[in-house]
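Novice: For reference, TrEMBL lists these features for the protein:
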type	residues	note
REGION	1-69	region 'Disordered'
COILED	126-327	coiled coil
COILED	356-418	coiled coil
DOMAIN	432-773	domain 'Kinesin motor'
BINDING	517, 518, 519, 520, 521, 522, 523, 524	ATP binding site
């Protein structure tokens with residue numbers, strides 16, 4: 001067994017760690033212990049096995065058997081000593097003999113279990129080596145195929161460049177033959193320049209070819225080293241097989257020794273039978289003692305009953321004496337009977353008193369007997385009280401651990417909140433657009449739900465709660481955003497993450513939150529939800545509830561707020577007022593291109609970076625009920641339609657704006673904040689939506705505006721001087737949110753359906769570009785004078 005531990009696996013050419021580091025720590029400790037034992041056994045005789053196991057108390061044989069089997073190891077000398085060991089006890093010391101037999105049986109069990117564990121260790125190590133060998137061979141074959149493919153690609157590129165040079169030379173010759181004498185010199189110069197440039201490109205290609213050949217040589221060298229490593233692993237496997245054969249032979253010898261041990265155990269069973277007879281006699285005596293205890297308890301109950309009966313008799317006699325005394329008084333007062341009768345009554349009373357004194361003596365004796373019985377009961381209940389105290393102590397320890405766990409969870413929650421605040425502060429300083437990603441659950445209409453999921457969530461510390469992986473055609477695309485919500489996330493959980501951003505609008509900042517994604521990915525559900533169900537309310541109603549609740553709580557500090565709301569939609573590149581009183585339902589989309597109010601709405605920007613929409617309906621709101629009715633009116637007026645991808649598809653971009661003006665009467669400070677909540681129309685492909693006629697025109701307008709939004713994001717990401725905000729009314733309306741000093745958040749919605757993986761990948765790539773844009777540091781809008789009432793609404 002020492003030779004098996006000395007056979008080390010050869011060092012892999014693909015790793016820099018030594019093979020000794022791959023051996024588990026507990027296994028290395030066992031190997032070192034075995035080596036020291038082998039060195040010590042050569043210089044001096046090995047002590048018996050019982051001496052090595054003195055540290056383990058014999059009273060815990062049943063409870064610590066599994067742990068001792070995992071820590072005790074045996075050598076050949078110890079096994080022989082264990083088998084040849086003889087019991088040394090006195091002739092009639094049956095208890096000592098039983099203890100020694102139990103200890104001897106325990107050590108035999110440990111030895112047998114140790115042999116089984118050694119055999120299992122050999123099998124596991126052989127399986128690990130086979131797996132490592134197969135993985136190394138697979139890696140070598142993959143590397144060889146990849147290098148061959150690269151060499152073929154470089155050869156094809158080189159041959160193509162040579163053909164291009166030959167064609168260019170032929171063209172140059174033709175031009176020289178056909179050109180006239182006047183243009184001959186200019187054409188020759190141009191051809192020489194072209195030839196020089198082509199020669200430079202040829203040199204570059206040759207250099208790339210040299211680099212590729214060097215890579216191929218290094219790959220071949222790596223392949224040769226892998227083959228050598230494979231051969232060494234095969235040699236190591238053969239050594240392990242030889243070790244396994246020797247181990248099986250030793251195991252056979254151990255089984256023979258086990259048979260001898262079984263024979264000795266059969267001899268010891270006779271001794272155990274005698275001890276069991278003694279044990280049965282002791283149990284019988286114990287049962288007699290328990291029966292005596294029960295009889296004493298019954299006698300005690302009888303004595304208590306007799307004592308109670310004596311007390312009742314005494315009380316009854318006292319009452320009779322009192323009655324007799326009363327009768328004596330009555331006889332003296334009214335009848336005046338003779339003294340003889342009085343003497344008889346006195347004798348009766350004395351007899352009753354003597355009887356009471358005798359009963360008192362009986363009561364005293366019964367009390368002494370009761371005290372003795374109580375002492376016996378206390379001695380019997382002593383063990384139960386100790387068990388109860390131990391249970392209370394364990395219960396106290398569990399309570400303390402639960403308190404510590406609660407404190408730790410509270411600290412983790414506080415740390416998470418602090419991390420979110422610091423993360424928001426960092427993003428504000430960077431000026432980046434924050435991006436959240438939300439995945440809707442699978443629906444019954446999504447088709448086959450038994451396929452492998454195309455969306456997964458990494459569990460590493462860096463990407464937990466922020467990462468998402470998308471699989472398309474077997475290739476994984478990882479993305480990381482500020483927050484990722486899986487399909488089981490509730491509306492409340494999503495709102496908790498943006499609540500601080502909504503609060504910033506009340507503090508005087510410009511805030512913009514918009515939902516982006518393909519048709520049917522859950523944008524409208526995220527923004528609006530279902531207002532009639534409290535648990536399914538979207539971000540817009542929850543944000544407005546928070547705004548009104550916070551404004552009411554700030555009234556105690558002297559703040560007064562004025563709030564103005566407006567709602568519009570951009571349908572076919574035209575602005576429609578959703579709060580116009582003459583506006584009809586959104587189902588009728590063919591009334592007019594500029595809305596049924598018959599007004600021309602224009603977008604204007606002022607010098608302060610604020611945006612105004614002319615002739616737009618603006619409503620002063622004072623409660624959440626007014627906002628809810630306005631949202632219901634706007635929802636009924638919004639343009640929706642049916643497509644093959646969605647039963648109720650939004651056919652326009654919905655923009656809700658709340659302008660907040662606040663003044664503190666104590667400090668005379670004024671703030672002006674703007675909250676923009678936008679539900680964009682979903683991008684869709686004509687091949688999947690099946691749009692025709694009016695729906696086709698709507699789809700083209702939606703895709704054009706979203707394409708303009710993509711162009712604006714690309715320009716911002718590249719930090720170009722000109723950003724095409726005017727290419728679409730949507731981008732022109734959102735110019736302060738995308739290129740100004742606003743706090744902007746985009747919620748990208750993803751469908752988990754496998755048929756929508758292409759659109760989901762495009763949405764995630766667009767969201768990653770948006771997250772990388774820098775739009776400037778948010779600026780708080782404060783003034784020192786009361787702002788005049790204005791009928792226009794700012795979209796800054």
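Heads up, the Cβ atoms here are built off N, Cα and C, so glycines get one too.
Mind running through what each feature is packed against?
Specialist: As a whole-number mean, the pLDDT of the coiled coil (126-327) in this prediction is 80.
Sequence-distant neighbours of residue 522 (ATP binding site) (same chain, six or more apart, CB under 8 Å from its CB) are 438, 440, 749, 751, listed in sequence order.
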Novice: When you measure from the Cβ of residue 517 (ATP binding site), how many other Cβ atoms are you left with inside 10 Å?
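Specialist: I get 27 for this one.
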Novice: Quick one: give me the count of other CB atoms within 10 A of the CB of residue 521 (ATP binding site).
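Specialist: Cβ-Cβ neighbours of residue 521 (ATP binding site) within 10 Å number 28.
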Novice: As a test of the contact definition, list every same-chain residue at least 6 positions from residue 524 (ATP binding site) whose Cβ is closer than 8 Å to its Cβ.
Specialist: 515, 538, 650, 679
